[in-house]
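Engineer: My structure is below; once you've seen it, I'll send some questions.
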Ligand SMILES: Nc1ncnc2c1ncn2[C@@H]1O[C@H](COP(=O)(O)OP(=O)(O)OP(=O)(O)O)[C@@H](O)[C@H]1O
Ligand SMILES: [Mg+2]
């Protein structure tokens, strides 16, 4: 239960709080203790002053006796002396320390309000206060009050006991608070750790509480998002593998089927040649498919290098036009190019040529004789826009979002005439995005399709 982090956080909190508590209690303790001691000293002096006031009014032996008898019953002791410090009367037996004080006092120095003579309560047995007896301005004697320092010591000890109890209670409360506080932080962290461990062991769906509004809540949300992404990725990968194996199986079935027929003895040379052509064509398509898949795999692994160069777009389009000219003429499709001469792009010309060929190949395949395919290039301060437009059959609205998906074809049957692998646009998108550009397709059934490529200048 006490995993490492909660222990660390707990100890850290605990030490900090303990230091603060010790500091606060120390200050509080010394202040209170000093105040109490001061109070005792003051009350001792006040008592001496009361006695001297009485004696100033009646300075005779019977009053002195009264005072002495009174103090003999109290926890204090009083000694009354003459003006030179000779003892006149004492309430309790005079101890050596009392005598010391009496003998070592300079009686001329005592102010009329009295004075504390001894206040070292930790070292001495008595603390003492002196109040002079002044009658009509003449100095007649002294009232010296003694208090056993045990009074002060007991009081301070009592205070210390109270502080020890308060201290123990606070430490226990601190430990409990710190325990819950550190668990409040570490329990969600432990849950997240378990969740990520499960994810790394292959579980795709984990559930965490994401309703906290702090960093831990955000972390939990991020892990949940990660787990959803992982699940989607796995689903995508399985679908993709299923499509790939389907794409490979279809031509292989053809090839095996026709090879079996050729093996039979009773077919004509003409038929044999026709079937061999089909086998060759299927093999070619398989090669293209595998090459494209390999290229996409390289792109996914980022092993795909873009060699940028300053290229004049008009020249690039001319090269492309020469390459597709036979196809255009064969199908009697018109071709128009609008491209200003001075447009220079910083691109990998081979890759962009591959993209344009892919898109034009699509356009030619879906355009009827007599219709037009056009390329337009324009640029502004930010980007260059290449539009490839055809007047062909168009693409159904529901297929538009999936055109850039791998192996996605609008006409699902893999007819040998159209012969596409469904990878052309996926590759085009990867290439354009690795140029930090973007590609979009708009299409209307019966009206035609237009592909826009945006490249940063
Ligand atoms: N100009 C267009 N007009 C009509 N349909 C199009 C057009 N361009 C693409 N399509 C549709 O989009 C699908 C995906 O195109 P993509 O280029 O990715 O694959 P493909 O042409 O079938 O195969 P490949 O390009 O790998 O030989 C095509 O199957 C086609 O149905
Ligand atoms: Mg294509």
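One is the number of the first residue shown, and numbering goes on along the chain from there.
Placement of Cβ uses the backbone N, Cα and C atoms for every residue, glycine included.
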Engineer: Looking at 188-215, 216-243, 244-271, 272-299, which one does TrEMBL call coiled coil?
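Structural biologist: Spelled out, TrEMBL records coiled coil over residues 216-243, not the other listed ranges.
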Engineer: Which is it, of 163-185, 301-323, 324-346, 347-369, that TrEMBL names as transmembrane segment?
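Structural biologist: From TrEMBL, the annotated transmembrane segment range turns out to be 163-185.
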Engineer: What counts of helix, strand and coil residues does DSSP assign across the domain 'HAMP' (183-235)?
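Structural biologist: Helix/strand/coil tally for the domain 'HAMP' (183-235): 39 helix, 0 strand, 14 coil.
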Engineer: For the coiled coil (216-243), find every same-chain residue at least 6 residues outside the stretch whose CB is under 8 Å from a CB in it, and list them.
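Structural biologist: That would be 185, 188-189, 191-192, 195-196, 199, 204-210, 406-407.
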Engineer: Going along the chain, which residues at least six beyond the ends of the transmembrane segment (12-32) come within the CB cut-off of under 8 Å?
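Structural biologist: For the transmembrane segment (12-32), the list is 159-160, 163, 166-167, 170-171, 174-175, 178, 181-182.
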